[in-house]
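Report on the structure given below.
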Amino acid sequence: MIDRALEKEFPENEQNGESDSGSFNNSVADQQAVLETVARVKPKKNETKDKEKSFQLHDVFNLDNENRAEDTPTLIDRLDNVFIISNTKSKYPVLQLDLRLISDLVLVIVSATCGGIAFACAGQPVITGYLLAGSVIGPGGLSFVSEMVQVETVAQFGVIFLLFALGLEFSAAKLRVVRAVAVLGGLLQIFLFMCLCGIIASLCGGKPSEGVFVGVLLSMSSTAVVLKFLMEKNSINALHGQVTVGTLILQDCAVGLLFALLPVLGGTSGLLQGVASMTKSLVVLLSFLAILSILSRTCVPWFLKLMISLSSQSHELYQLAAVAFCLLVAWCSDKLGLSLELGSFAAGVMISTTDLAQHTLEQVEPIRNFFAALFLASIGMLIHVHFLWNHVDILLASVILVIIVKTIVITAVVKGFRYNNKTSLLVGMSLAQIGEFAFVLLSRASNLHLVEGKLYLLLLGTTALSLVTTPLLFKLIPAVVHLGVLLRWFSPDISQNEIGYKGEILRADSAKRIALMVQSSHDS
């Protein structure tokens with residue numbers, strides 16, 4: 001009976017490939033694929049050479065040797081893309097392990113832990129330890145991790161959970177005070193950088209489109225790194241923290257629009273087509289947020305209460321449900337052409353409107369911390385140590401220029417919305433780096449031939465170095481504030497959590513006067 005059941009389930013003459021429209025032969029016949037020559041990689045096995053070869057530390061982490069349990073066949077195409085062969089239509093399901101991914105993850109996690117411990121013992125921010133640990137083991141360092149695409153894909157969960165946690169702590173009442181500077185000021189900042197860099201490129205004999213792209217690149221700040229520092233400093237609820245968070249949210253919302261702008265700058269699409277693409281992205285964004293707003297008032301509270309009742313004995317199910325909800329909303333956002341980051345933040349905001357926001361944050365926080373460390377280490381792996389060392393002079397000059405220009409422009413924009421000097425400068429210094437989205441924008445611009453090779457390497461190195469120097473910049477903030485108080489730029493009696501917006505101060509003063517008038521009338 002078992003044999004007959006197996007024969008019925010797996011007939012010997014079954015041909016899955018012929019009936020599948022996506023199979024090899026049908027794809028070629030329908031001209032849905034292009035044939036090209038590829039090379040199949042086979043590791044060399046020479047016992048005499050292996051015996052004479054001296055021991056190297058790198059060999060411990062190299063899986064392409066005879067001690068490997070099973071060699072995974074790989075292909076390389078003419079563009080030097082490496083593919084691991086895996087047949088998903090095999091007759092019998094076989095458990096397949098990617099030993100390279102396991103090895104790389106072990107290396108990244110262990111090195112990030114060691115780097116964090118070393119910097120914590122030295123009294124320095126652990127984020128710097130994560131970044132430098134990644135740079136040491138990455139392709140630009142000791143090359144223990146040579147292929148970064150898999151590690152970076154897993155590490156992307158760090159950004160997702162960071163923004164999910166930020167959404168859980170989201171307070172509409174607090175951000176409502178800074179919505180003008182966050183939305184209008186954030187857009188004005190992006191526009192100013194685009195115009196400034198476009199004009200400079202034209203005066204220097206370069207392409208204005210290339211200058212505008214550099215302006216777009218410079219206007220982006222690192223959401224993950226800045227949020228990590230604001231959380232460590234307990235500055236999320238401070239006035240400058242609220243303005244910073246609001247500006248970062250605006251930048252994440254604008255990423256989709258900026259991606260639609262790149263083909264226009266690269267000359268692959270016309271101006272009207274680019275405007276239509278940006279308008280479509282804006283309509284999709286507003287529709288997506290409207291649907292999530294309706295769901296947050298109807299389905300989400302019921303779902304969370306159900307999960308609480310089902311996980312009364314153990315919080316495991318509630319934790320899993322919260323993570324699944326975050327990933328589902330982020331996935332839907334990505335499928336609509338928006339960013340994963342925007343979707344994960346929106347998922348957190350949806351839960352923040354319920355009574356279970358704090359409980360959800362406590363459940364997700366350990367997962368967030370782990371993946372955030374993994375993400376920062378993967379960002380460090382993009383840093384090419386040899387390139388930085390060989391061009392340290394021009395890269396340091398460009399990073400210092402970026403920090404100074406971004407601080408001045410952002411401080412001026414915030415000051416233009418009638419915030420005090422201290423808040424304006426703190427926001428400017430907090431956003432004075434180039435964000436991790438710059439790596440994605442650079443890759444897309446390079447494919448569109450929008451930037452040349454040398455400029456690409458310069459921008460890549462400047463972005464990576466600006467992320468490394470961000471912890472140092474946050475370390476300098478207390479000293480700058482103290483110096484500002486000594487020079488009487490800042491008022492010494494203004495605390496971090498005090499709202500410096502003049503309209504709020506006037507309203508508070510008027511409320512006090514009304515209260516005193518009411519009290520005096522009662523006394524009389």
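Just so it is clear, glycine is given a Cβ too, placed from its N, Cα and C backbone atoms.
Looking at 315-334, 455-474, the range tied to transmembrane segment in TrEMBL is 455-474. Of the ranges 180-201, 213-231, 282-304, 369-389, 455-474, the one with the most Cβ pairs under 8 Å to the transmembrane segment (105-133) is 369-389. Ranked by the number of CB pairs under 8 Å to the transmembrane segment (425-443), the listed stretches 180-201, 213-231, 282-304 are led by 213-231. If you look at the transmembrane segment (369-389) against the transmembrane segment (180-201), you find fewer than three C-beta pairs under 8 angstroms, all six or more positions apart, and that falls short of contact.
Proximity of distant same-chain residues to the transmembrane segment (153-173), defined by a Cβ-Cβ separation under 8 Å and at least 6 residues beyond the stretch ends, is recorded for 101, 105, 108, 223-224, 227-228, 236-237, 245, 252, 323, 326-327, 330, 340-341, 344-352, 357-358, 360-361, 364-365, 367-368, 371-379, 436. Note on the transmembrane segment (213-231): residues 125, 127, 158-159, 162-163, 166, 189-190, 193-198, 201, 241, 244-245, 247-248, 251-252, 255, 258, 261-262, 265, 341, 372, 375-376, 402, 405-406, 430-438, 441-442, 445, 450-451, 459, 463, 467, 470-471, 474 of its chain, located 6 or more positions outside it, place their CB under 8 angstroms from a CB of the stretch.
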